[in-house]
Every structure is written in C-alpha cells, then in structure tokens.
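**Q** Residues annotated as site 'Transition state stabilizer' in TrEMBL: Arg17. Annotation source TrEMBL lists active site, proton acceptor at Tyr22. The feature substrate binding site is assigned by TrEMBL to Asn73, His79, Asp86, Leu100, Ser101, Arg110. Taken from TrEMBL, the feature active site, proton donor covers His99.
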Amino acid sequence: MKILVIHGPNLNLLGTREPGIYGNTTLTNINAALQALAGELGIEVAFVQSNHEGGIVDAIQAAKTDCDGILINPAAYTHTSVAIRDAVSAVAIPVVEVHLSNVHAREEFRSKSYIAPVAVGQISGFGVDSYLLGLRAIFSHIKLRL
Ligand code: DQA
C-alpha cells in the first residue's frame with residue numbers, strides 16, 4: 001500500500017510560522033514521524049509540498065496511477081479550492097483531510113471546507129497527531145476495502 005501525503009501552501013514554513021497556532025514542529029519533522037509510522041504499518045509513503053493550487057491538482061492526478069490513497073492538508077486552499085475538490089472527486093481514490101489547528105474553533109471562514117464533502121473524513125486540531133491519526137485512518141479505511 002502506498003499513500004501520498006500532500007502539504008499545501010505555507011506549510012513549508014512550519015516551525016517558524018505562527019507557532020502559537022501551529023507549534024514548533026517543522027515539516028521535515030512531520031514527514032519523519034509519518035515515515036516512522038508508515039514503517040510500523042508496513043506501508044509506503046511519499047511526500048509533496050506545494051504553494052500552488054495547480055501543483056496540488058497535478059499531484060492528486062498523478063497519485064491515481066501509483067498510490068492507494070492520499071493524506072492531504074490543503075491548508076488555505078481548503079477554504080477556497082473547487083479545483084482541488086474536483087481533482088479529489090476525479091481520481092476516485094480515498095482521501096483523508098487533516099489540519100494541525102482546529103479549523104472549527106478559529107475564524108468563521110476556516111470552518112468551511114470544499115474538500116471534506118468528497119473526503120473519507122477530516123481530522124482537525126491535534127497538531128502533528130492530526131497527520132498520524134490521518135495516516136492510521138486512511139490505512140484502516142483502505143485495508144477494510146481491500
Ligand atoms: C491549516 C488550517 C488552515 O485554515 C490554514 O490556512 C493553514 C493550515 C492547519 O493545518 O491547521 O494553512 O490547514
């Protein structure tokens with residue numbers, strides 16, 4: 001089983017970006033934690049970070065050929081992107097949406113997700129654990145379906 005992990009805009013700045021909201025963990029650390037969990041689960045993970053909507057659409061489309069599922073933090077595009085939502089619908093492989101912060105406890109505009117209705121589910125508010133819980137969730141979801 002292979003899962004593509006997609007990190008959206010500004011997540012390359014984790015560690016220094018608004019640490020009161022997003023914590024001090026860097027993206028490199030998050031990917032290392034996911035890689036370690038993937039090893040425990042006996043699965044493969046690949047990582048992409050893009051600050052560009054089209055780059056994320058391209059990554060989702062490419063995943064159709066060689067991945068079984070996608071773990072995505074669409075970041076700000078969560079709240080705006082019909083293009084990313086349509087890409088998720090188009091590839092028809094399972095997607096789990098994650099957020100470090102609790103998007104439902106922040107500004108009103110963050111509680112709207114264009115992606116969640118076409119995802120298997122959304123995990124929000126647990127910091128780095130959102131990603132780890134998300135990887136476990138997509139792993140179980142795919143295993144049950146296989
Ligand atoms: C985020 C929440 C989004 O609202 C925000 O735009 C981000 C990060 C999170 O992980 O908490 O960039 O997706």
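Each residue, glycine too, has its Cβ placed from N, Cα and C.
No curator has checked TrEMBL annotations; they are predicted automatically.
Since the structure is predicted, the reported quantities are computational estimates derived from the model, not experimental observations.
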**Q** Just to verify a number: CA distance, Asn73 (substrate binding site) to His99 (active site, proton donor), in angstrom, no decimals.
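**A** Distance between the two Cα atoms comes out at 6 Å.
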**Q** Of Arg17, Asp86, Ser101, Arg110, listed as recorded positions, which ones have a Cβ less than 6 Å away from ligand 1?
**A** Ser101, Arg110
**Q** Using all protein chains in view, find how many other C-beta atoms are within 10 Å of the C-beta of Arg110 (substrate binding site).
**A** 17
**Q** Using Cα coordinates, what distance in whole Å links His99 (active site, proton donor) and His79 (substrate binding site)?
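**A** So the alpha carbons of His99 (active site, proton donor) and His79 (substrate binding site) sit roughly 12 Å from each other.
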**Q** How far is it from His79 (substrate binding site) to Arg17 (site 'Transition state stabilizer'), counting Cα to Cα, in Å?
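**A** Arg17 (site 'Transition state stabilizer') has its Cα 19 Å from the Cα of His79 (substrate binding site).
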**Q** Restricting to the binding-site residues Asp86, Leu100, Ser101, Arg110, which ones have a CA within 10 Å of the CA of the residue listed as 'active site, proton acceptor'?
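**A** Those near the residue listed as 'active site, proton acceptor' - Cα within 10 Å - are Leu100, Ser101, in sequence order.
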**Q** Please report the Cα separation of Asp86 (substrate binding site) and Arg17 (site 'Transition state stabilizer') in Å, rounded to an integer.
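**A** On Cα coordinates alone, these residues lie 29 Å apart.
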**Q** Under a three-state reduction of DSSP output, how is His99 (active site, proton donor) classified: helix, strand, or coil?
**A** strand
**Q** Between any two of Asn73, His79, Asp86, Leu100, Ser101, Arg110, the residues recorded as binding substrate, what is the biggest Cα to Cα distance in Å?
**A** 24
**Q** Quiz question: given the binding-site residues Asn73, Ser101, which has the greatest number of C-beta atoms lying within 10 angstroms of its own C-beta?
**A** Asn73
**Q** Taking only same-chain residues 6+ apart in sequence, whose CB is under 8 Å from that of Arg17 (site 'Transition state stabilizer'), what do you get?
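**A** Counting only residues 6 or more apart in sequence, the Cβ neighbours of Arg17 (site 'Transition state stabilizer') under 8 Å are Asn10.
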**Q** Counting only residues 6+ apart in the same chain, whose Cβ is under 8 Å from the Cβ of Leu100 (substrate binding site)?
**A** Leu14, Ile21, Tyr22, Gly23, Asn73, Gly125, Phe126, Gly127, Val128, Ser130, Tyr131
**Q** Applying a 10 Å Cβ distance cut-off over all chains shown, what neighbour count does His79 (substrate binding site) have?
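**A** Counting Cβ neighbours of His79 (substrate binding site) within 10 Å gives 16.
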